[in-house]
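Heads up: the structure comes next, in structure tokens.
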Amino acid sequence: MGYEADPVSRRGGHGLGQDRLTHFNGQGRAHMVDVSGKAETARIAVAESRIRMKPETMRQIGAGTIGKGDVLAVAQVAGIMAAKRTAELIPMCHPLPLNGIDITFEQKNEEVLTFRVIVKTTGMTGVEMEALTAAQVTGLTIYDMCKAADKDMVLGPTYLVKKSGGKSGDYVRSDTAAKVTREGHDV
């Protein structure tokens, strides 16, 4: 392939300097970032997602009458498994020892179920991708478990709520971003 194009322009010319795109080497090729020089710190990431469904589907989940079994228990286990396997799914993610994963559910109304994922580690890199992956797989599992009753379910949005630890410090989703998420999506 021997071309020497600028790695930024090869990726669409979005104007970001290479110093900000840490997953690309000097030739513009993807690589896994070396984190060996980073200090191990406590890291936490919280992600959230939701699924909209017919009220009858929500009632069936609550009553435990979905044919495939306990929807929330299975979705919770699937989300935990997904967090643990994120490095196998997302190419540039580092495999991490996870200290804790918790997934909770809250019914917002008769049609919307939200789920929140908290992932913790002590390591050299954060667990945002693990939390987001777990949230997505939790939602996909709910869809899979309930699709015989309701194929019109809508999953998302899925987003990072907050994260702590590491060189970049803490992040908390802004009220503006949260408002756009609520108003800009039909869920």
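Each residue, glycine too, has its Cβ placed from N, Cα and C.
Whatever TrEMBL says is automated annotation, not expert-curated.
Under the heading active site, TrEMBL lists ASP144. Marked as substrate binding site by TrEMBL: MET92, CYS93, HIS94, MET129, GLU130. Look at TrEMBL and you will find 32-166 tagged as domain 'Molybdopterin cofactor biosynthesis C (MoaC)'.
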In the domain 'Molybdopterin cofactor biosynthesis C (MoaC)' (32-166), how many residues does DSSP assign to helix, to strand and to coil?
46 helix, 40 strand, 49 coil
Average model confidence [pLDDT] within the domain 'Molybdopterin cofactor biosynthesis C (MoaC)' (32-166):
96
Cβ within 8 Å of the substrate site's Cβ centroid: which residues qualify beyond MET92, CYS93, HIS94, MET129, GLU130?
THR86, ALA87, ILE90, PRO95, LEU96, THR125
Using only the Cα atoms of MET92, CYS93, HIS94, MET129, GLU130, which the record gives as binding substrate, return the largest interatomic distance in Å, rounded to a whole number.
12
Can you tell me the CA-to-CA distance separating the residue listed as 'active site' and GLU130 (substrate binding site), as a whole number of Å?
21
For MET92 (substrate binding site), what residues in its own chain, 6 or more apart in sequence, show a Cβ-Cβ distance under 8 Å?
HIS23, ALA30, HIS31, MET32, VAL33
So how many other Cβ atoms are close to MET129 (substrate binding site), meaning within 10 Å of its Cβ?
22
Count the other Cβ atoms sitting within 10 Å of the Cβ of GLU130 (substrate binding site), across every protein chain shown.
27
